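Now, the feature entries from TrEMBL:
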DOMAIN    A:80-273  domain 'ABC transmembrane type-1'
TRANSMEM  A:21-42  transmembrane segment
TRANSMEM  A:84-103  transmembrane segment
TRANSMEM  A:115-142  transmembrane segment
TRANSMEM  A:148-171  transmembrane segment
TRANSMEM  A:192-217  transmembrane segment
TRANSMEM  A:249-273  transmembrane segment
Amino acid sequence: MSLSSRRRARKAFRAESTYHATGVAIALFFLAPFAITLLASFRHGTEARLPPLPPWPANGISFDSYRSLDTFGAGVWQHTFNSLLVSLATVALTVAVSVLAGYGFSRYRFPLKNVLFVLIIATLMIPFQSILTPLFIILARLGLNNSLFGLTLVYVTLQLPFSVFMMRNAFDAVPKEIEEAARIDGARDLKLLFRVLMPLVLPGIATVAIFAFLNAWNEFLAALVLLSSNEKYTLPVLMMAVRAGRLGAVNWGAVQAGVAVMTLPCLVVFLLLQRYYMRGLMAGAVK
Amino acid sequence: MAGSGPGKALPVRRRRRRHSQWRGLLYIAPAMALVIVFFVMPVLFTGWMSLHNWPLLGSPRWIGFNNYFRMANDGRFVSALRFTTYYTVIVTIAIFAVAFPLAIFVEKHRRFVGAYRTIIFLPVVVGLASASLLWVWLANVDSGFIGPALKALGLVEKSPNLLATFDSAFFTIIVMVVWKIAGFTMIILLTGLQAIPSELTEAARIDGAGRWQRFRYLTLPLMRRTIALALIISVTGSILAFDQFYIMTSGGPQNRMISVVYYIFNQSFVSFNLGYGAALSIALLAILVVISIVQLRLLRVGEDRP
């Protein structure tokens, strides 16, 4: 008996080891590109042109690559600031607009309600890539061409189907009794919304905010088309100049540094707020 | 609801409801304004623009359906269509081939499985533009990582220029996209896998069904809906591909990597044929609508046999 149980234990151990060996190999494939790039971005300027073996900074950590990134466009701070400004403004506006709309769709009855809701959701059916040309013209007519604010408004609109859907469901999940009790206590409309209901839908707001941030921070094509002057570029657009290089020579150190600047915020936001991100993913997928 | 109360209460109720009707519209007004200005108007405007010769400077000129006739004879558009279809098919197959085993792998209840899931998912949250830039460097011939690493391992004699030929550049892009997207598809498939009652699998096992048989005759049919959903997301996403071709290969050797969206971008914002760009956009929309209808059918078929 003890022999067979020992054999079984050995078999289980072997299966376990095989499983984790596979797991580590898979994890390496998905992590390595990040790790290699990040490590390489800290190599000395003289090392940057050499083959990246080993990829880590062999002669001590240096910020040469980040410094050289700063010599492109209007400087990396300016472009990071542009990206942050657009992303945070997109988050703020998306949250404000979708909380109001979600509340309206969840709690009020009005004519054409379903038609209007479907119209907002339909934005998903027609991808923005296919309306970029007229968007370009319309923004110009509104005096919002080459403007970070115009780009923000476009990003907010792109976020609406998901966000309004998310917020309507969040308000739907709040029991009517809570609202009625607050009404009896004298809370009305906006006060009711901000004081009583907002804390209850906070998880939904977190989800909407994360998606708005990541999508605005990462967006490339609309920014490329709608921004035309150098100092307005967001990070992904700036990186096209870095990638193109100067006089036929590409500064790969600057590319690595730029990738690090662009990816780190996304990874941090995701790792800190995984739960809310996954909630949004599921809601989006089920819909 | 209106007719349910006693007669006297009716007028009060009706007044309150009318009052709240306006409030509801007020709450959704900002969202509606954005959708109308930045979505409905551009969609309608696309149709209007497509009937014009619309240069960036100077006034647009009505030319009827000429942009559409031009499209039919535009060899570069046809080849963009062909390339996009080719890319969509290959990338979708590649993503499923990687994501399905991954989903099965991370479905197990073992230690560290949560960590594996998170790591595989990480590339999903970074931008496609960032991912493309990252892989451009990795694939670069001398100062990149892949070529010198292959050489150091003794697999090649000379570090290959992965982005120089169509086949190797295409392969690199597929690997990049799989790396970037597989985690997303994996999570979608994982929810489908987890929805299968374990009693069913257990019963099949007792009846003597092997691992492959259980997968083929139990798991796959039960996951039809989930698979259809993941397919839709992958196909529609791939049809709109742009960033990776623009950033990684700038259209590729002999411009063979120009996707449909890339071609629209070139016509509208490089050559400034805005009217023709709009007509191409309408064509893209039509293609997407047809594909959506076909795929919604697919989903519904999945619903009939849950």
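Each residue, glycine too, has its Cβ placed from N, Cα and C.
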Positions on the same chain near the transmembrane segment (A:115-142), where near means CB under 8 A and six or more residues out: 101, 105, 150, 154, 157-158, 160-162, 164-165, 168, 221-222, 225-226
Interface check, the transmembrane segment (A:249-273) with the transmembrane segment (A:21-42), three or more C-beta pairs under 8 A: yes
Considering the transmembrane segment (A:84-103), which listed stretch of A:21-42, A:148-171, A:192-217 counts the most C-beta pairs under 8 Å: A:148-171
Distal contacts, the transmembrane segment (A:148-171) - CB-CB under 8 A, six or more residues away: 82, 85-86, 89-90, 93-95, 97-99, 101-103, 105-107, 117, 120-124, 128, 135, 139, 142, 197, 201, 203-205, 207-208, 211-212, 215-216, 219, 222-223, 226-227, 232, 234, 280, 283-284, 287
